[in-house]
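The following features are taken from TrEMBL:
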DOMAIN    1-58  domain 'Fibronectin type-III'
DOMAIN    64-159  domain 'Fibronectin type-III'
DOMAIN    163-252  domain 'Ig-like'
DOMAIN    259-353  domain 'Fibronectin type-III'
DOMAIN    359-454  domain 'Fibronectin type-III'
DOMAIN    460-557  domain 'Fibronectin type-III'
DOMAIN    561-646  domain 'Ig-like'
DOMAIN    657-751  domain 'Fibronectin type-III'
DOMAIN    757-817  domain 'Fibronectin type-III'
Amino acid sequence: RESDHRAWTPVSCTVTRQNATVQGLTEGKAYFFRIAAENIIGMGPFTETTKEIVIRDPITVPDRPEDLEVKAVTKNSVTLTWNPPKYNGGSDITMYVLESRLIGKEKFHKVTKEKMLDRKFTVEGLKEGDTYEYRVSACNIVGQGKPSFCTKPITCKDEIAPPSLDLDFRDKLIVRVGEAFSLTGRYSGKPAPKVTWLKDDIVVKENDRTKIKTTPTTLCLGILKSVREDSGKYCVTVENSTGSRKGFCQVNVVDRPSPPVGPVIFDEIHKDYMVVSWKPPLDDGGSEITNYIIEKKDAHRDLWMPVTSATVKTTCKIPKLLEGREYQIRIYAENLYGISDPLISDEMKAKDRFRVPDAPEQPIIKDVTKDSAVVVWKKPYDGGKPITNYIVEKKETMTTRWVRVTKDPIFPSTQFKVPDLLEGCQYEFRVSAENEIGVGEPSPPSKPIFARDPIAKPSPPVNPEAVDKTKNSVDLCWQPPRHDGNGKIIGYLVEYQKVGDEEWKKANLTADSCPETKYKVTGLTEGLTYKFRVKAVNAAGESEPAYVPDPVEVKDRLEPPELILDANMAREQHVKAGDTLRLSAVIKGVPFPKVTWKKEDHEVSPKADIEVTGVGSKLEIRNTVHEDGGIYSLTVENPAGSKTVSVKVVVLDKPGPPRNLQISEVRSDSCYITWMEPEDDGGSVITNYVVERKDVASAQWVAISSSSKKRSHMAKYLMEGTQYLFRVAAENQFGRGPYVETLKPIKAIDPLHPPGPPKNLHHVDVDKTEVSLVWNRPDRDGGAEITGYLVEYQEDGADEWTKFQTVPMLDCVVTGL
C-alpha cells in the first residue's frame, strides 16, 4: 500500500519462493509491504515492513570523502577535518571511519569511535616523534565506501610559532568627545594566541559603547560616542605558550574644559580696582588651559565688559572701577578645543576696605647694658591687613632727630635688642607698625634710659678660713663671691675683733690693697683670741660680711701632718693604658710637712711629674703603660710626726700575645689549633680569642673565629694541598693584643700511612734459576699513590730475607736463584 493510503493492494498470491519482485511502482513514492504464508488450511497472519520504503534507483556505498586536512598537530595528538563525499550512494551517511597507519607498517587501523558523524576528529595518545598517515571512509545503509586519499605523513610534534602583532594605530591618538574610534591590527602565532585588551592595566569589558571583535587573524577594539573617561593607556596583549607581544596606544579624548572652580575670591578691594583669584577647572578637557577670559559687569546693567583674555594665571586685577558701584566678575577657561561654561562671582562693592596699622602703646625698655637695650611692645590693630614689619627708632633725649635702629625687617617678634648705643648717653625709643597699605603712626616715646651696665653689690665671699698663724699674725684665705653684681670686684676688706669686744677693726683700709683671696693679719697680741670677717667690694659698694667659723688663738703652732685623700687615692686605682694617672691629696701640718712619693719602696719613675704646693701634692704620669702599675705610697713628715698612705694602681691594657701556638691533626680540609693564655692579661679578663688564617700565596688574613672563649679551634674548609699560616690574638675589654703566628706554613693534606700488603701473590712459571711471580693491588694505599712493590726472597730454612728489586707493576721475574 502507498504510505498515504490505507488500502492494501495484492501483488501476487502464487509466490512459493522467499522473495518477489514488485513492479508497477511509482518512483519517488513511499510504500509499505506485507507478506503472509498460506497452506491448504488457509492463510496465516501478515508480517509488515517496519518503515516506509521510498522507490528510487538502486543504493550503493558512498563515494570517498573529500578534502581530508590536518588542522592541528601536537606531540601526542593530530586533529583532522574532511568534507562529505560528493555522492552518498543514494542513502544517508550513517557514520565515518577514520584510519591511521604508522609509517613503515602495512596495515591501517581504525581510530574513530562507533557511529561518528562529526567531520572533525582529534587522534590522541600518540607517541612524540612517530609519523602517521590517515584516510577516512563514509558508511551508509549499504556499507563502507572507498577511503579518501591519504594525508601526507604527519610527525607528532608541537607546532609552535611565537605571536606576531601588526597594529594599524600609532602610540598616541587624540579624539574629540562624541566621536568614535577603533584600534585594529593583525596577529598570528601557533598555538592560536589569546588576545587581551587592557585600559590603564584594567581588562576592557564590552558594553553598549565598547565593542571587541577578534578573528583568528585580526583584532579590533571599537568605542562609540567617546567620553572623557575613555582617555587612557590602551594595551593589547597577544599571548601563547611561546611568548607574548604587546601594543600600546595613549588615547586622549579631548573636550573644552569644565568651568573654573569657585568661589571667586576677592583678595583685594579698593575704590578703583579689585584683585580676584580662583582655582583651575577640575577637568582641563585633556588639553592644557591656554588662557582665561575675564569679564566684569556693573550689577545695575546687563552689559558684560571684557577685562582680559590673555592671562594664564588664576588671579587677575580688575581695573577702572567706579567707587561705590557693585560689580560681578565672570571667568571662562579656554583650551585648544573650546571655551568652558563661566564661573560668576557674587556682587562686590568697590571701596577701600583697609588702612595702615594703629600706633602701638608706649614701649617698655629692659635689659639695659652699656651698648644695648631691649625694646618690648604690644601688637596694635593691623588695619585689616596683616602687619609685615615693625620700625623701631631711637633718639638721644637732648636732640629732636629720630633714627631707625635697623634696616632689616622686624617681624613677627614684638621685641628687639637695639645695638650700638654710646655708653653713658640717655636714649628714648618708639615703634611703628607697617602693613601693605603703609606705615602707621609711631608709639609714644619710651621712658628715657642711660646706656650703662647695671651694677649691684656683690654677694659675700665664700668659705673664709684661717690657714696659718704665728704668735702675732693669722693667715686668712677665702674664695670669690658667687655673684659679682655685674661689676668687677675691686678687692676685699678684712676685719678682726678681739673676743669679748664689740668693735670690729679694719685690717686693711681700702679694698684695692687686698685684691687677692688671701690676707695676712698682723699686729695681733700673743695669747689672745680673735674673730675675723671678710667683705667683697665692687663699684656698687661692699657685700655682706662672711665670717671665719671659729675664733683663732694667736700663738705659734705645731701640728702633726694630716692627709685628706682625693678620690683618685682610693685603695685601688684603675687607669686605661695611654691615659694619664693622677694621684693627689690635701696636706696639712705646721710646719708644712716634707712630701715623699715612692713606688714599691723605690724611687718613682722619672716620667712622673710630682708637684708640691702649700696645701697638697699631686703625682701625674702621662701616657701610662702596663709597667706603670704597682703600689704607690705618699709619705708626709714634719717634727710633729709623719703619715703614709698607699694606693694600688692597675694600668688596664690590651692583653699580651697567646703562648705555645700548636697545629695538630692536619687533614686535607682541616687542622686543630691550640694555644695557651697570654702571660699578661692586661689587667682585665680575656673575653675571647681571634683566630685567622692566610694562604701563603695571599696577602690577606681571613678571620675563621672571632668569638671563641676556648683555647683551641678546629680550622675547617681548607683547600687540599694549599699551604696556610695561622695566627691568634687575645682580646679583653680594652682591645686586641698582638698576634702570635705559626713559624712555618702548614700544608692541608691527609696524613700518610704505609700501604696494605699486596694480595694473592703466586707464581705463574718456574725455571731452574728463576721464578715468575704475579700479585694484586692491596686494599688500601695509605692515602697516597703506590709508587712500587719491593720483592724479596728467602731460601727455605734460612732466617734472612734477601731484597731482589722494587718494581712498578704487578709482576716480577726473580732471577739468579
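Cβ atoms here come from the backbone N, Cα and C positions, even for glycine.
Automatic, uncurated: that is what TrEMBL annotation is.
Counting residue by residue with DSSP, the domain 'Fibronectin type-III' (757-817) contains 0 helix, 29 strand, 32 coil. Using DSSP to sort the residues of the domain 'Fibronectin type-III' (460-557) gives these counts of helix, strand and coil: 3 helix, 44 strand, 51 coil. Residue counts for the domain 'Fibronectin type-III' (259-353) under DSSP (helix as H, G, I; strand as E, B; rest coil) come to 0 helix, 51 strand, 44 coil. Counting residues of the domain 'Ig-like' (561-646) by DSSP class, helix then strand then coil, yields 6 helix, 53 strand, 27 coil. Per DSSP, the domain 'Fibronectin type-III' (64-159) is made up of 0 helix, 40 strand, 56 coil. Per DSSP, the domain 'Fibronectin type-III' (1-58) is made up of 0 helix, 11 strand, 47 coil.
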